[in-house]
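Visitor: Annotation source TrEMBL lists compositional bias 'Polar residues' at 23-34, 49-62, 81-91. What TrEMBL records for 35-46 is compositional bias 'Basic and acidic residues'. Residues or ranges marked as region 'Disordered' in TrEMBL: 1-95. Sequence annotations record features per position, and here TrEMBL assigns transmembrane segment to 105-125, 233-255, 275-296, 308-331, 343-365.
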Amino acid sequence: MDREIDTAASEITATHNGDRESSQISTVASSKSQCVEKEPSRHGDSQEIEGTSSITLDQGSSHFIAVPQQNDQERDKIQAKQDTPSEQGQANAPKRSWKARAWDIWMKNWFLLGLVIVIILARYFPEWGKTGGPIRPEYSVKYGITSCIFLLSGLSLKTKDLLVSALNYRAHLLVQVTSFIIIPLFVKAITALIGLSTFNATLLAGMAVTSATPTTISSNVVMTANSNGNESLALFNAALGNLLGVFISPVIVLILLQNTPQTPVSGQGLDYVTILRDLGATILVPIFVGQVYLYFFPRSIAWAKSIVHFPTLNSSCLLILVWTVFCDAFNNNTFSSVTAGEIVAIGALQAFIFWAMTFFLGFLARARPVKIRLLKALEAQAREKELREAQLEGQPELAEAVPYTLPPGVSLPRTRLQQYVEPMSKEDTVAVLFCGATKSVAM
């Protein structure tokens with residue numbers, strides 16, 4: 001009896017659900033002007049009605065969705081609007097003012113434009129930045145600004161990166177040999193050739209002295225960081241070059257200016273104690289302080305970097321250094337002793353030396369020797385020969401192995417000489433170029 005009652009109840013419920021679905025479908029169909037019944041889908045759970053895109057009935061559910069269907073003209077209009085939003089946006093976009101465009105140009109090239117500005121300021125207001133002037137640059141800039149640059153480097157670089165860069169003997173040897181041997185010899189050959197003419201001998205002697213000096217300190221580190229190069233490698237080479245230059249540069253100057261009117265008078269020595277003290281106070285001590293502070297207070301450094309952009313601050317300090325140099329030059333009438341044609345000639349000559357050294361160092365740092373490529377090809381051939389021999393000896397599992405290939409930039413077995421001549425990374429190459437080639441540019 002109970003079973004019959006349950007069966008009757010289920011039939012009544014099914015009938016009620018079917019009536020409710022039929023009522024909902026008829027309601028939707030009556031809201032349209034025309035309804036044409038489409039052929040049911042393959043699975044029997046989907047129907048399409050004219051005026052709607054689709055009607056989907058879920059099995060076991062009384063819910064469905066009816067989406068109105070668009071005619072061809074409406075669809076073409078919507079597609080045309082979707083195809084041209086960028087053109088309409090460009091046409092309706094307001095034109096940017098000249099102030100906004102000027103600001104964009106300044107933000108992209110602010111350092112180069114800043115160099116022009118500080119030189120113009122030094123030309124018309126040299127008394128403000130000259131030695132002994134109101135700001136006393138011999139103390140405030142020489143010790144304060146220079147120390148600030150290397151303090152920021154010490155706060156930014158990890159100790160591990162500095163140690164890894166210190167062990168990069170190939171980069172050190174390449175930079176220092178180029179700085180103290182190749183560039184001086186190259187400049188000596190050029191000045192000797194030009195010296196046969198009536199060109200200003202004093203300018204040629206100045207070029208020789210400049211070629212003998214070590215690589216610059218602040219500009220190398222700042223420009224390497226701005227170029228996404230290996231800042232720690234540039235920092236180490238700048239410090240190493242200036243420490244070596246204290247002892248090597250005087251010897252090179254004497255050799256280059258030997259038997260010339262500009263030969264230094266005997267008895268004029270250098271105050272090595274003062275020079276080493278200044279290098280330690282402006283380079284080594286700020287780096288050490290920055291490293292210690294970074295080790296104990298890394299969170300405060302991260303907070304400071306989120307507020308102040310360290311590379312921008314470094315570049316600003318470099319502009320101040322350039323400004324004081326030109327203030328002294330204009331105050332001492334340095335440019336009045338030479339003609340405009342001589343200045344242009346020196347600039348063109350320095351540009352030639354700079355690009356020659358840049359391509360030379362770039363080739364040594366990045367070029368892959370032919371010997372390594374031939375060695376890789378021979379190794380691949382030897383491996384293929386071994387596979388063929390294994391196949392003939394009845395060992396197909398070795399013959400079917402993947403042919404031996406070497407990863408890019410690696411040749412095995414490698415000798416120390418092969419490891420030495422393999423290409424440097426792009427970051428290391430940038431540091432080498434700034435520490436080596438840019439030294440040939442004399443302001």
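Placed from the backbone N, Cα and C atoms, the Cβ positions cover glycine too.
On this model, are these features tucked inside or out on the surface, and what's nearby?
Guide: Tertiary neighbourhood of the transmembrane segment (105-125): same-chain residues 226, 315-316, 319-320, 322-323, 326-327, 329-330, selected by CB-CB distance under 8 Å and a gap of 6+ residues from either end.
Listed by sequence, the residues of this chain that lie at least six past the ends of the transmembrane segment (233-255) yet keep a Cβ under 8 A from its Cβ atoms are 150, 153, 157, 162, 165-166, 168, 171-172, 175-176, 179-180, 184, 208-209, 211-217, 220-221, 224-225, 263-264, 270, 272, 275-276, 279, 283-284, 287, 427-428, 431-432, 434-435.
Long-range contacts of the transmembrane segment (275-296) within the same chain, counting only residues at least 6 positions beyond its ends with a Cβ under 8 Å from a Cβ of the stretch, are 142-143, 146-159, 162, 217, 235, 238-239, 242-243, 246.
Long-range contacts of the transmembrane segment (308-331) within the same chain, counting only residues at least 6 positions beyond its ends with a Cβ under 8 Å from a Cβ of the stretch, are 111, 114-115, 118-119, 121-123, 125-131, 133, 137, 141, 145-146, 148-149, 152-153, 155-156, 218-219, 221-222, 225-226, 443.
With a threshold of 8 Å between CB atoms, the same-chain residues lying at least 6 positions outside the transmembrane segment (343-365) that come near it are 174, 178, 182-183, 186-187, 190, 194, 199, 203, 207, 335, 423-424, 428-429, 432-433, 436-438, 440-442.
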